[in-house]
Amino acid sequence: MFCIQCEQTIQTPTVKGCSFAQGMCGKTSEVSDLQDVLVHSLQGVSFWASLGRACDVIDTEVDEWAPKAFFATLTNVNFDPARIIEFAQQSHEFKQRLEQKVRAAATLIGFEIPELSAAAQFDLPTDSSELLALAPQAAVNRGHDSQHEDVIGLRLLCLYGLKGAAAYMEHARVLGQTDDAIFAEYHEIMAFLGTDPSDLKQLLDTSMQIGLMNYKVMEMLDKGETDTFGHPQPTTVNVKTKKGHCILVSGHDLHDLEKILQQTEGKGINVYTNGEMLPAHGYPELNKYPHLAGNYGSAWQNQQKEFANFPGAIVMTSNCLLNPDVGSYADRLFTRSIVGWPGVDHLEGDDFSAVIDCALAQEGFKHDEIEQMITVGFGRNALMEAAPAVVEQVKEGNIKHFFLVGGCDGDKSERSYYTDFTAQAPEDSVILTLACGKFRFNKNQFGDINGIPRLLDVGQCNDAYSAIQLAIALSQEFDCGINELPLTLVLSWFEQKAIVILLTLFALGVKGIYTGPTAPAFLTENLLKIMQDEFDMRSISTPEQDLKTILAA
């Protein structure tokens with residue numbers, strides 16, 4: 001086992017990365033090795049899918065499936081070895097199918113097949129018990145004994161960035177949004193990484209290519225969400241519970257939430273969001289359901305306690321999943337799509353009757369709690385509508401600075417930085433927030449500036465697209481570049497979606513971003529220096545010192 005993709009990976013003066021019987025996330029060495037085999041096999045799939053486009057061979061089924069399978073290897077998504085084996089076996093079947101199609105088409109048009117990469121020749125045995133023996137060939141740090149650590153680090157930056165983009169591609173696909181040009185670019189990059197490249201400049205350029213591709217993917221996902229559910233509107237959400245039977249929906253998949261709301265109408269079941277599903281309340285086509293009762297709990301790292309105390313059924317639609325056996329709620333948990341845990345019921349299709357039956361069999365909440373409201377729904381359209389008023393307040397000197405404080409949450413004590421930072425931000429500043437990092441401070445009171453709330457919840461992690469649109473609009477209004485705006489990004493990272501959003505911001509030319517709580521373990525000192533020199537990336541220190549530096553600029 002070797003895994004170094006998330007923030008909680010082992011980091012000591014002598015060891016970087018999880019390489020023992022179990023990772024810090026709870027992933028076993030077996031699952032980790034199987035995921036490596038799957039990823040390397042997917043690189044082979046992309047070799048033939050990319051080559052196929054030169055021969056007019058496009059397999060839509062493969063295009064739509066491959067990013068989904070890649071998503072299954074993202075942090076805290078799928079811990080079930082049987083499911084990973086299924087993905088791996090399917091990838092091998094697709095690779096063989098594509099190879100046959102491409103070779104046949106190449107013969108017809110006289111196209112010469114280039115030299116095959118190792119990934120293109122990576123064949124899986126029919127006996128699944130033999131898959132683990134291939135793990136050394138597929139390890140994400142393969143070649144580390146002969147390659148410079150900077151090369152390995154950049155390969156991983158690209159791999160993890162592309163993995164984050166693949167997750168957003170799958171979220172968009174579920175909502176009917178696909179683009180052949182993006183599929184082609186995804187396969188091109190994935191196939192390139194399967195060649196084990198060693199040119200530093202080429203790898204750096206590829207990381208920027210991934211960032212720009214992800215910008216288009218986030219735009220696509222934004223369209224899918226707003227076309228399907230309407231544009232988010234500022235909406236108050238109750239973060240306390242109501243008496244009655246209940247279902248909790250966690251993850252990111254708004255499609256699943258809608259289906260659950262439709263199927264629970266009139267059944268006396270309250271539906272609650274959790275974690276990154278909180279922004280769902282801002283969408284008119286979801287908020288119209290009166291039994292969408294509120295948001296329960298906070299960020300992912302608290303779920304074992306919060307889920308254990310939830311007296312109903314729980315549906316995990318995407319990341320982040322933790323071991324449900326710790327809180328003894330595995331019998332009330334259902335996984336969807338790419339999510340998996342051994343022994344937990346997995347649902348395919350759109351029939352949630354098993355979830356409903358489970359919810360009705362539980363006692364539910366016994367009484368109503370006193371309501372506590374927070375506001376969400378400041379998505380792209382709402383921000384654009386508010387832009388003229390915001391500009392006016394800036395011109396009048398009432399708003400002097402904007403902070404975007406968000407990203408992934410986690411359980412390290414250093415993450416209290418983000419709570420303290422927002423609390424100490426000047427009262428003439430506006431704070432935009434997104435992703436689950438918001439739970440560090442979104443129940444605090446920030447007041448308003450002449451009717452403009454000082455805290456604006458933009459949405460899920462992918463809604464960084466909305467924040468970017470606001471920054472572009474403000475830069476146009478003030479006739480300056482984004483980096484000249486009184487705007488500072490203070491981001492927290494945990495997994496691969498955060499990595500690709502950072503690459504997107506870099507690719508768009510955004511500089512001076514503060515990141516934390518720690519640097520990714522796969523980035524060497526040399527690579528961190530490159531990011532500091534090229535993009536003015538800064539590591540967080542203390543809220544007091546960072547605010548002093550920011551406001552003095």
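Placed from the backbone N, Cα and C atoms, the Cβ positions cover glycine too.
Swiss-Prot lists C3, C6, C18, C25 with the feature [2Fe-2S] cluster binding site, giving sequence analysis as the kind of evidence. In the shown protein chains, 22 other C-beta atoms lie within 10 A of the C-beta of C25 ([2Fe-2S] cluster binding site).
The annotation hybrid [4Fe-2O-2S] cluster binding site is assigned in Swiss-Prot to H252, E276, C320, C408, C436, C461, E495, K497 on the grounds of sequence analysis. DSSP classifies C436 (hybrid [4Fe-2O-2S] cluster binding site) as helix under the three-state reduction. Neighbour density for C436 (hybrid [4Fe-2O-2S] cluster binding site): within 10 A of its CB lie 25 other CB atoms from the protein chains shown.
When Cβ atoms from all protein chains are considered, those within 10 Å of C408 (hybrid [4Fe-2O-2S] cluster binding site) total 28, not counting its own. According to Swiss-Prot, the cysteine persulfide annotation covers C408.
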Cα proximity to C6 ([2Fe-2S] cluster binding site), best match among binding-site residues H252, E495, K497: E495
Minimum Cα separation from C436 (hybrid [4Fe-2O-2S] cluster binding site), reported as the residue among binding-site residues C3, C18, C25 that achieves it: C25
Sparsest-packed among the binding-site residues, when each Cβ's other Cβ atoms within 10 Å are tallied, from H252, K497: H252
Residues close to [2Fe-2S] cluster site centre defined by C3, C6, C18, C25, Cβ within 8 Å: I4, Q5, Q8, T9, G17, G23, M24, K27, S32, T75
Cβ-based neighbourhood (8 Å from the centroid) of the hybrid [4Fe-2O-2S] cluster site, residues H252, E276, C320, C408, C436, C461, E495, K497 excluded: G275, W300, N319, A435, Q460, F494, A498
